[in-house]
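Chemist: Sharing a structure here in structure tokens format.
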Amino acid sequence: MSLTRRFSLTLLLLLPLLTSLLAAIPVLQANLSPAPSSSPGPGVRILRAPESTVAPPGDEVVFVCETSLPPEYFEWSYASSRSHPPRFKYLKSSSAKANHNITITHNNDISKLRVIVRPETLGEYRCVAWFGPLAVTSTTARLEMASISGDGADTDQRAHWRVAAGNTVLWHCGQVASNPAPSWSFYYNDNEMPPASTLSDSNGTLLLPHVSAASSGSYSCVATNTASGVRLALPSRLELQVPAAALASTAPALLNGQRVRTQVFAKAGETVLLLCPGVGYPPPTAVWSSPNVPGAVYNNRTRVLPYGLQISALQPLDAGTYICYLDNGIRPALEHFIELVVQKSPRILRPPTANLTNEGERMQLECEATGMPKPEIYWLLNGESSVYDVEAEQVPNGHLILHSVQKRHAGYVQCFARNSLGEHSAGTLLQVNPKQLPDGEGTGMDSGRSSARPTHSRKQKQQTQMVPPSAPNVTRLSDESVMLRWHVVRNDGLPIQFFKVQYRMLTESGKRKSWQTTNENIPYGRQRHESGAGVRNFTSSVTGLKPNSSYRFRIMAVYSNNDNKESNTSGKFFLQRGAALAPLAVPELVDIEEYSQTAVVLHWRLSSDADEQLISGYYAYYRPSASAGEYLKATIDGAKSRSFQISALEPGTIYEFKLQSFSAVAASEFSALKQGRTQRPRASSTPQPVLHAVDTTTPSHNETFNMNPMLTGTIGGGALLVLLVISACLCLCRRRSSRGNNPQHKPRLAELREDFVPLNTCSPNKPRTRHIHITLNPLAQQQQQQQQQQLQQQQHDEKEAQDNDMGYFQRQPVVYDAETLGFNGLARMSSSSLRRSQRTLERAAAGGGSGGNNNNLNQPGDGSLANSADSPRLQASNKPGRVILKRARLSSRSENLSSGSLNSVGV
């Protein structure tokens, strides 16, 4: 085997090793210490949810729903107040047109629902905004009818009070049932009192501070429904008598029939007044204290009044028991215990989080909320209540358990907390990885099936299984482009060579267009990074789309057997025109850290942490600054991420980076370009090669190798060093071989042979390759000619003995030094001129010393030279003839050869 072939085989053996080493280098690697982040939401939220309303019959109520980004379309759901428990149903546009009580209008990111207040329209309403396959639901708005009615217990109730001057009189007018809460009007001697002269609350209590003789008279009240304007006059009356003369001293006490509120409810942020009723003479003074609310009485938010304690900007920590002491120096003092309950709207403290979940697995979603009264928690799965899902169970603490996650659960999962004061919601994006069915058991959606013959070997069936990628997640990049993200789970199926992206436009008429395939081949080994649990993510963009159109996308995987299989189809995606979209926050690249020779760490920030609610993640773009090629892309999930490591870079190279935030329906503008450099290679002496044990275990093709960058560089450098050593050895061996084949005493013979091409002829025994040898004619001294004749005679005798056995021989050519003989080169000659020269030599040898000759053929010894050297060749008539072909590329150095300069022609 020649040296060249050995070297080629060596390279072939080394190439797979180098390829495997290079493939083991991770392309993208997550940050070593990432900050904990919640699962990404859909990137959209309800900015303005419909509000609960109380209206009189026949009025028109408008519910308004506004989203942060324009959805694909709006829907409204309704649950009648007559159904227990309430069951929501969607209000279709067709039914809304037929029903004159309901009208639905949409305008970009705002939807309005107009409802005529009637008994059949009372209930709860929700707004549902659809963003492709995601349904984001608003909080519930209640529609109630205004009403007011009196309490029969207070009928014909009259009070007669005699009070000393200077006291504060608190009179409770009566109790009414009103929705909404009524406003109160008081009358003194049947004349309405101005509001500024009275102090009252929503419970119908009249406060008359520092009464005097002028305060004596008859008092009554009227309750008015603020929504309908209906007035209700209560029959209760107060006959108050304030003597002008002084009365006897009395201890503080309650008047006959006077009420004391021992429990007060107030909302956080409002101003509350705790009343301390009681009269005496002299008028008593109130002293306040609280055993379980330290510092609540004497602070900048409280004010002690003669008739009560006023607390402004109420906070939950103000809740507790308050004690009022009425004392005028006469024992016993009057004591009241009042419990203050601070009500608060619900607020979710711990929203649910969800990651990629395999179909059939068990999942628990947690949701913790606060509020007063204690909020009730319920769940919606893509707008549908979890109560009607057989796989869902809500435990007493409010958490939701999905015993077996199904594909229908994929989408937006929302947790709602509500009480009498309001409602609050939070959600998360739930992604479901469907089960991989064996070949032949699909649902008919996969068109790329393997054409291999079925086999009974289970092992072989697993090896030929083609595991498809996941359905792509779609994000808007511009008016004409989207970004697709998909993943491949670790498996034992066939290796994937590359991906193709397919998309299809959906028309309003429902007519489907054919699938379009992009031109780009997305290699399996490019643009990937690990997201944990053996999942490899991929990213690609699709351009040339039409705005305000709906599309579906899917990923086609091409495997090592040149067969293909497609992923599940994405949900319907509506490509919204950018002018109608609210801009997302643009991340700011703060620093690019030189992490290693092949990796850098990006650090960025947002202008406000509140922008995280609209963001699902970030796209990182990078390329060498000296290149104008396409940017490489990386996907960073999680709005709370603030750093990310990008590896597999060139050592000591400057790169340019830019970031872009994205949500489910849009992407932000690019951040400003920022350059960063990887660490330069460290200058060190060449270490001695160290042999390491090689693990021959072949990993799965979908398995990621997380190698240290220093180890990766060492392996690559060692491989290059081995290649350099082999190349040097090859060059040295080839040089020695060339020296052995070209002796120094025949420097021009090879050049002469290159100028002639032999013609193969058929031998009686076997085909032979004919060689032509042309030797220079001796034109030098007689001594040199005689020495040459002796050498030729010896060669002739040796080869003549071999001729009888071989049937063919090739005479060793006689070589003369052309420079010594004075030749400058060879002249171009045809085969006929060669034969004439040969015959001339023969006649010269036969004629002895006849004639003068320039070639010294008349010298003694010429005849013997011709007979001994040339005649055996000329007389070998039984040998096949030689035909000499002249090459068209005869070099110029042979153009000086004359017809008389040839000594012999070997045939």
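Quick reminder: no glycine exception, Cβ is built from N, Cα and C everywhere.
Straight out of Swiss-Prot:
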type: BINDING; residues: Arg504, Lys511, Lys513, Arg552; note: heparin binding site
type: COMPBIAS; residues: 781-794; note: compositional bias 'Low complexity'
type: COMPBIAS; residues: 853-863; note: compositional bias 'Low complexity'
type: DISULFID; residues: Cys65-Cys127; note: disulfide bond
type: DISULFID; residues: Cys173-Cys221; note: disulfide bond
type: DISULFID; residues: Cys276-Cys324; note: disulfide bond
type: DISULFID; residues: Cys367-Cys415; note: disulfide bond
type: DOMAIN; residues: 42-149; note: domain 'Ig-like C2-type 1'
type: DOMAIN; residues: 252-340; note: domain 'Ig-like C2-type 3'
type: DOMAIN; residues: 468-578; note: domain 'Fibronectin type-III 1'
type: SIGNAL; residues: 1-23; note: signal peptide
type: TOPO_DOM; residues: 24-709; note: topological domain 'Extracellular'
type: TOPO_DOM; residues: 731-907; note: topological domain 'Cytoplasmic'
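Give me the local environment of each listed feature.
Modeler: Under the DSSP three-state reduction, Lys513 (heparin binding site) is assigned to coil, being neither helix nor strand. Counting only residues at least six positions away in the same chain, the Cβ atoms of Arg504, Met505, Leu506, Thr507 sit under 8 Å from the Cβ of Lys513 (heparin binding site).
Cys127 (disulfide bond) counts 27 other C-beta atoms within 10 Å of its own C-beta, drawing on all protein chains shown. Taken residue by residue with DSSP, Cys127 (disulfide bond) is part of a strand.
A sphere of 10 angstroms centred on the C-beta of Cys173 (disulfide bond) encloses 24 other C-beta atoms. In this structure, Cys173 (disulfide bond) belongs to neither helix nor strand by DSSP; it is coil.
Neighbour list (Cys324 (disulfide bond), Cβ cut-off 8 Å, at least 6 residues apart, same chain): Leu274, Cys276, Ala286, Val287, Trp288, Gly308, Leu309, Glu335, His336, Ile338.
When secondary structure is read from DSSP and collapsed to three states, Cys415 (disulfide bond) falls in the strand class.
Sorting each residue of the domain 'Ig-like C2-type 1' (42-149) by its DSSP state yields 9 helix, 59 strand, 40 coil.
For the domain 'Ig-like C2-type 3' (252-340), the number of residues in each DSSP class (helix H, G, I; strand E, B; coil) is 3 helix, 42 strand, 44 coil.
Summarised by DSSP class, the composition of the domain 'Fibronectin type-III 1' (468-578) is 1 helix, 58 strand, 52 coil.
For the topological domain 'Extracellular' (24-709), the predicted model reports an average pLDDT of 82.
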Chemist: In DSSP terms, helix, strand or coil for Cys221 (disulfide bond)?
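Modeler: In the DSSP reduction, Cys221 (disulfide bond) maps to strand.
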Chemist: Relative to the Cβ position of Cys221 (disulfide bond), how many further Cβ atoms are located within 10 Å?
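Modeler: The Cβ of Cys221 (disulfide bond) has 25 Cβ neighbours within 10 Å.
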Chemist: Going by C-alpha distance, which of the disulfide-bonded residues Cys127, Cys173, Cys221, Cys415 is nearest to Arg552 (heparin binding site)?
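Modeler: Checked the disulfide-bonded residues Cys127, Cys173, Cys221, Cys415; minimum Cα distance to Arg552 (heparin binding site) goes to Cys127.
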Chemist: Among all protein chains shown, how many Cβ atoms are found within 10 Å of the Cβ of Arg504 (heparin binding site), not counting that one?
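Modeler: Step by step: centre on the Cβ of Arg504 (heparin binding site), count other Cβ atoms within 10 Å, giving 15.
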Chemist: Of the disulfide-bonded residues Cys65, Cys127, Cys173, Cys221, which one sits closest to Cys415 (disulfide bond) when you measure Cα to Cα?
Modeler: Cys127
Chemist: Using only C-alpha positions, which one of Cys173, Cys221, Cys367 is spatially nearest Cys127 (disulfide bond)? These are the disulfide-bonded residues in the record.
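Modeler: Result: the closest of the disulfide-bonded residues to Cys127 (disulfide bond) is Cys367.
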